[in-house]
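Colleague: Residues or ranges marked as transmembrane segment in TrEMBL: 21-44, 56-77, 150-170, 201-219, 231-253, 260-280, 286-304.
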Amino acid sequence: MRSEIEKMKKSPLVKIKSRLDFIYLAYAISLGLIILFSFMGVMVDEVNNSLNIYGWIRGILNANLFLAVSLLELVFVLKRKEKILIVLRILNSLWLFKLLLDVVKGVAQSRMAATSYNVFAGIVQFTSGFLSGWSPTMERANSADMLNGYYLILYSTFFSLILLLVYCYFKYIKKEKLTFEFHLSFLSVEDIKKSYAKNKLLTVASISISISQFLYFYSLPGTINKTVSPFTYHAILALIILALAVLVVSSIASGEEKRLDTYIITLLLTFIVYNPIYIFQHGRPGLGYIVYIFGWILFGYYLVDKKWIQSERNH
């Protein structure tokens, strides 16, 4: 592990030698853009909440699971897992189109409901004024509307498919050789196994707090969608939590634990945002928040236990 880190420090992050390498890098960047744009608002609901695709947690194949698979796809691309590259892109593109179609349907249904209500309200006002001379004031219903994030996701997905076709053309028809190299180590299953063998408590805590980011945190009453995940309104914080959890596991696996306490304390500080008062102000806590609290308690227990052991040794 240490030798790999030393090699990465000496070599550039990305090594490009050919035209095909450049196309492959552009393709990897397009996948990153899809993930980035997915955090942007795709619609405004009827109570003026800006929502991204992660505000729609419906069924098993929801946007949160899509994000997990998309991150995995990006890692596979950077690690040059070419055998599953094409299949993953086609399946993820179809999956994303389905998610975007759900958004379009939600907006259409909201507009139809708002139009029906407003027509009904207009008839009531007209008939009341005509028959009694008094017209009651009735508030007009608002409807959902599309945002630019929807189009950015759509166009970037088409762009990634075009780049994939160009890559396949030069790779399989022109028979060009791919020499693309990305010098950055990723967390592997073996790293997780090593970490679990060395420190079960912190490994379980890291996995729990990571999984919690992909589950719904709380319900959001009074809107089209009913449940939201951390990626709906706190995407940056959710990504930071995932990165810190990965750093905790990789630090334990590699035996380099100098910054381990710093990572754990930073993870514990996320409770400032995800405190119960905030959650209950927005709605009912969900499964994701329960799993988050479980991981948070394990991290806290580790630090308290470590301090207690150190104080016992000093005495």
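Every residue gets a Cβ built from N, Cα and C, even glycine.
Nobody curates TrEMBL annotations by hand; they come from automatic prediction.
Note that this is a predicted model, so its numbers are computed, not measured.
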Colleague: By a Cβ-Cβ criterion of under 8 Å, what residues six or more beyond either terminus of the transmembrane segment (21-44) are in contact with it?
Modeller: 14-15, 50-54, 63, 67, 70-71, 73-74, 77-78, 96, 100, 103, 106-107, 144-150, 152-153, 156-157, 159-160, 163-164, 166-167, 170, 178-180, 182, 231, 235
Colleague: Other than its close neighbours in sequence, what residues sit by the transmembrane segment (150-170), given a CB gap under 8 Å and a spacing of at least six beyond its ends?
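Modeller: Distal contacts: 19-20, 23-24, 26-27, 30-31, 33-34, 37-38, 40, 42-43, 53, 85-86, 89, 93, 96-97, 100, 103, 176.
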